[in-house]
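If you look up Swiss-Prot, you'll see Thr50, Asn115, Thr192 marked as substrate binding site, on the strength of similarity to another entry.
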Amino acid sequence: MSPSVSVTKVQVENYVFPPTVKPPASTKTLFLGGAGHRGLDVEGKFVKFTVIGVYLEESAVQFLAPKWKGKSAEELIHSVDFFRDIVTGPFEKFTRVRFILPLTGKQFSEKVAENCVAHWKATGTYSDAGSRAIEKFLNVVKSETFLPGASILFTQSPLGSLTISFTKDDSISEAGNAVIENKQFSEAVLETIIGEHGVSPAAKCSIAARMSELFKNSLF
């Protein structure tokens, strides 16, 4: 990483997201944009299910800075366009979802699919191709079991492919378990995490704070 993209690790609950990673199916080293938990209210109590780290290719800073440099973390966290620019930007992204509580692949994949479809219907972008991508995703993930500490990894190419990988510990494999060639679905997975109705407001806050500082110190 260049000095202009100097980043630190982030700890969420008992899990540490390192400052840089080399994702599966990628030749590049990505930096940690931010990380946070994802939880739900269960019978009146907030329960944390996963922790999520979002990594970006270094060129993301060069792409985003001209528009967003000078904005505070508070301004970025409330900007739908800022997170949309991250989701759709022409650079590689990598998302690691680590499980705090055990979930079956069926439970996890059906919730992701539900959120993606809701996003597409809300934006009028639901398509047959997107629906087929979701079916493939459900088939890839449904037989998995995610115990505490396990992860599902998403490597998102700017060309549109989504590489899905699984790991039971801190490791990251070089190759993925499956590839889905559908840009709409690839973007929707990240959109439903950090977009306008994203499931992890904590990750959004972390990204806004860290990226605001990176822009401030960037040469772009």
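Glycine is treated like the rest: Cβ placed from N, Cα and C.
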> Taking the centroid of the Cβ atoms of Thr50, Asn115, Thr192 as the substrate site, which other residues of that chain lie with their Cβ within 8 Å of it, listed in sequence order?
Replying inline: Arg38, Lys111, Val112, Val189, Ile193, Gly198, Val199, Ser200
> With every protein chain in view, how many other Cβ atoms are within 10 Å of the Cβ of Thr192 (substrate binding site)?
Replying inline: 23
>> With every protein chain in view, what's the tally of Cβ atoms within 10 Å of the Cβ of Asn115 (substrate binding site), excluding that atom itself?
In response: 19
>> I'd like the number of other C-beta atoms within 10 A of the C-beta of Thr50 (substrate binding site), please.
In response: 25
>> Check the DSSP secondary structure of Thr50 (substrate binding site), expressed as helix, strand or coil.
In response: strand
> Tell me, by DSSP, whether Thr192 (substrate binding site) is helix, strand or coil?
Replying inline: helix
> Where does Asn115 (substrate binding site) sit in the DSSP three-state scheme?
Replying inline: helix
